[in-house]
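Colleague: Questions regarding the structure given below will be posed in turn.
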Amino acid sequence: MSKVGDALAGFGVTFKAMLHKPITEQYPEKPGPVAPRYHGRHQLNRYADGLEKCIGCELCAWACPADAIFVEGADNTAEQRFSPGERYGRVYQINYLRCIGCGLCIEACPTRALTMTNDYEMADDNRADLIYGKDKLLAPLTADMTAPPHAMAEGSTDEDYYRGNIRADGLARPSEATR
Ligand code: SF4
Ligand code: SF4
C-alpha cells in the first residue's frame, strides 16, 4: 500500500473510533460488575447454626504457592466450642501482598470453610492492613445464627455438620437434610 493509502487507513481507524460511544467506568463511585466466578477476597464460612467451618487443619496454607496463608489451630473444649470436631482455626491470616488469587487454597479445604468472594476492593496505603485476619475473613452472622463459642446441635455429631444435616435451629431430620 502507498504512503497515502497507509495514512488513509490509519485515519479510518481514528475516524471509526470517534463515532463509538465512549466507555467510561465510573469507578469508584459505581464499581463495575465482575465475572460470577471471579476470585476475590476470601471468606471463612459458617454452618447454619453459626459454628465455624474451619477446623484449623492448615491444608490451605500448605497448598498455597505464594506462602500467603498462616493458620494456627487450637482444640475445642466442652465450654469453648467454635467448630464441630476436635479443632478450630484460632488464628487465620491471609497476606494479600502475596496472594495471586489462584484458588488452590479453596480447592484444598476439606470442609468448604474457605471460598472466594467477588470483592476486589482491597487496596490500602500500608502493608500491615493487607494482612487480613478472622475479623475480616469470617462470614458475618445472619439473624438466625448464634455467635460461637457454643455447643453443637443437640444429638448431632461432627459428621452431621460435614454432611450438611444442620439447620439454624438444630439437627435436621433425614428427609430435610441437604448436602
Ligand atoms: S488464592 Fe492462591 S495465592 Fe492466594 S491464598 Fe489461596 S492459594 Fe495462596
Ligand atoms: S480453611 Fe479449610 S483447609 Fe484451611 S485450615 Fe481451615 S479447614 Fe483447613
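Backbone N, Cα and C atoms are what each Cβ position is placed from, and that goes for glycine too.
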Colleague: In TrEMBL, the residues Cys99, Cys102, Cys105 are said to bind [4Fe-4S] cluster 2. Which of Cys57, Cys64 is said to bind at that same site?
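Modeller: [4Fe-4S] cluster 2 site check in TrEMBL: besides Cys99, Cys102, Cys105, the record includes Cys64 out of Cys57, Cys64.
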Colleague: Which residues in the same chain, at least 6 apart in sequence, have a Cβ under 8 Å from the Cβ of Cys64 ([4Fe-4S] cluster 2 binding site)?
Modeller: Leu104, Cys105
Colleague: Please determine which of the binding-site residues listed here (Cys54, Cys57) has the lowest count of neighbouring CB atoms within 10 Å.
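Modeller: So among Cys54, Cys57, the binding-site residues given, the one with the fewest Cβ atoms within 10 Å is Cys57.
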Colleague: In whole Å, note down how far the CA of Cys102 ([4Fe-4S] cluster 2 binding site) lies from the CA of Cys54 ([4Fe-4S] cluster 1 binding site).
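Modeller: About 20 Å separate the Cα atoms of these two residues.
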